[in-house]
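What TrEMBL records for this protein:
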type	residues	note
TRANSMEM	125-143	transmembrane segment
DOMAIN	350-506	domain 'SSD'
TRANSMEM	351-370	transmembrane segment
TRANSMEM	382-405	transmembrane segment
TRANSMEM	411-433	transmembrane segment
TRANSMEM	445-471	transmembrane segment
TRANSMEM	483-506	transmembrane segment
TRANSMEM	810-828	transmembrane segment
TRANSMEM	918-938	transmembrane segment
TRANSMEM	950-970	transmembrane segment
């Protein structure tokens, strides 16, 4: 009877759960469980009724019936001993059931791959043609990949609060791109507040801002055409102490007390205090007596219409500052375009390393497949096999381009994973092929693929499902990375099962025609073309085992399973886990420029000087309030209370600007007479906020009509909404009043659409402090009912990733582990092996985190993404070994006669046999990958260096957990 037709996974899970859970954990309901289990199973699949009965003999059925009757009538036969016996019977039947599932799956896969291998071996050129066409069509999609990497689109969770607040802030106050330069005196530490220093700084400023540039289309433009302005009539927003002298050389030369000049308080709008633009300064009283560094900043409009021009100007900016030489200072610079350009430069410089990596992997595979007999040698096959992997990588990039997957710099390390997995499959397939008796190559290929196809399927699809689970991450960078890897793993799997099999068939045809490897156009001499009978007899004999297989069977396997060795391995694993746990607790987080940029970039020295002289300069924070009834005292009071509370916040340094506080103080002053009001308004009307044009035209008339009717309360507040806005426009137009708040209040249809107060966070060092500061500040802003306030800082886009980094990655890794367990269980039908694979996976991940501490690698979303990739390599080793051992053990059990007792050494022999067959191939593939990526230790791109450290670690750990610890643990099962 063909019971495999009636084996389906969903029914297996239902039956096992119903019997196991209810029978083992709820013995008081056992009788109902026994009565209903066949009904439940039959409900999901009627064919299971016969299958269920087949798995029980008459004796066990009689026992179950008696036990159910006894329990129902309260008899004493339903004892604990009977229940224990029943549980044992259920466990035995359940294990038998899943073994049947495993055998059925193995049988179907073996048959499928036997037919597939025969098809590909007999039609190799057709397979090659189809694969090349697929690659060519897919490769077009590479042109659709977006290689830009804005942080809010890659490493910030989708729909995060930081992105939402940024969009709202940009819609109200505009967006800009910030280019900065830092001038540090020579020698470092020397006071820079002297004439010659400032004159050189002025010349540098003029070179950067006054040159005329031209677009590829021939359009000329200057900095003033691009600079950011709160509204069209406002001056360019740029920050430099040179403004104190009007950016005029003559004014600087005539200044006899530069220290006094830079110590003046500048209350004009859009300006940053001089103390924020000077580094390493000392203050005596109100006087800045010395400074060691100076910063200057340029702001450019950030929109699609100006992107091309902005990129050109910023490139010019960093080039000018890079070439400028002065005897008085050293220049450090950075622009928004810098990071993308430096990443591209570093990648370009590292291209030779990719070529070397490819060459080393080809060389090792070719060496491994080299034979002294040049007819049987397979050097060309090894080279073509790696080319096939590269075709799979190109195809996957193209498919992801068609899918509009998110591309990030982390995706650049994906080819190394695919090269590792691909070479692993090549070694496993070639090992199985060469173990077979020599004969017709089509049949040998078919048999070899049927033997190892299920193992390759298990590891490849496990990786695929794991990466698909990881692609559900809310972080676009991780989800895109996992999608790239999932597609690449799937395509590589398909190409290995078809393209490489076709290449192997073509190589064997060459050998059968007595053509030399590497030079197939040359045939062996005619006198050797016909093989004698001895050679023909040798061709039909079983190929002797390889050196690696012999070593494992003779020495490594018995040594590994020795009692003392097993104890040492367990103790070593515990010690390694303990050290890794400690190292994990010592990991420092944060995604810095050093993690994503070449080590020789000019950005890193700039970052160092910012931390040294201007730490906290970029941690400015705006407190934005939305539409509200600002003329009502309740709203005004809440804004004042908010200002008072936030000023005393432990995460805020200094004072916070408060336009409402100053406005209410301004209202208490006497109103100007009409003549003074008209003169002041005419002078200021060009500077009034945009969107208030209707009020500007009518303001004088409104003032004339209302001057005698404008009233304030006893607390000194405008009585009506009209009075409130008349006073507000007067306040903003008065240079002695709120002129400096012009760009902090945005109007729409004559009322306030948004307003902001500006402050600065304290200097924060750790990721935990930054995340806590952001969360606490947000919580404080939400405590007001009459007005909605939110904090916004450019740094929040970076800090947002720290908030959910652990939670999001735990979700991703948990989903990956669950998928690996279920898929392994589905293929192997053995819960112990499945648990063993997942335990090995978590142990490898823990040890990798410990290695990150030893390598001084920071914990951030990018390194955790690379960690996820390397877990794919660890899963490969553990799963291959687990599958091979389990298969050998099942075969050994099948060879036993019915009712024959199981030999004590049966499991040990199965472990040694399975390890000898798969271990050398896994080791060779891992060693190939390690040799290939070893050159990445010399890369200029820090991400590639991190990748080398991870590969080195995972090579050692995967070998330990997969080839040593996993067999030891399996011996205890």
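Placement of Cβ uses the backbone N, Cα and C atoms for every residue, glycine included.
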Cβ-Cβ under 8 Å with the transmembrane segment (810-828): same-chain residues at least 6 beyond its ends: 9, 102, 105, 454, 457-458, 461-462, 465-470, 472-473, 478, 482, 834-835, 837-838, 841-842, 845, 868, 871, 875, 879, 882-883, 886
The transmembrane segment (351-370) and the transmembrane segment (411-433) contact flag, 3+ Cβ pairs under 8 angstroms: yes
Other parts of the chain folded back onto the transmembrane segment (411-433), taken as Cβ under 8 Å at six or more residues beyond its ends: 347, 354, 357-358, 361, 365, 368-369, 378, 382, 385-386, 388-390, 392-393, 396, 444-445, 448-449, 451-452, 455-456, 459-460, 463, 480-481, 484-485, 488-489, 492-493, 495-496, 500-501, 504, 546, 866, 869-870, 872-873, 876, 880, 917-918, 920-922, 924-926, 928-929, 932-933, 943-944, 947, 951
Same-chain residues at least 6 beyond the ends of the transmembrane segment (445-471) whose Cβ lies under 8 Å from its Cβ atoms: 105-106, 109-118, 120-121, 421, 424-425, 428-429, 431-433, 436, 478-483, 485-486, 489-490, 492-493, 496-497, 501, 504-505, 508, 812, 815-816, 818-820, 823-824, 827-828, 868, 871-872, 875-876, 879-880, 883-884, 887, 918
Cβ-Cβ under 8 Å with the transmembrane segment (483-506): same-chain residues at least 6 beyond its ends: 113, 116-117, 120-125, 127-128, 131, 381, 384-385, 388-389, 391-393, 395-397, 399-400, 403, 405-407, 411, 414, 417-418, 421-422, 425-426, 429-430, 433, 441-442, 445, 449, 453, 456-457, 460-461, 463-464, 467-468, 470-471, 869, 872
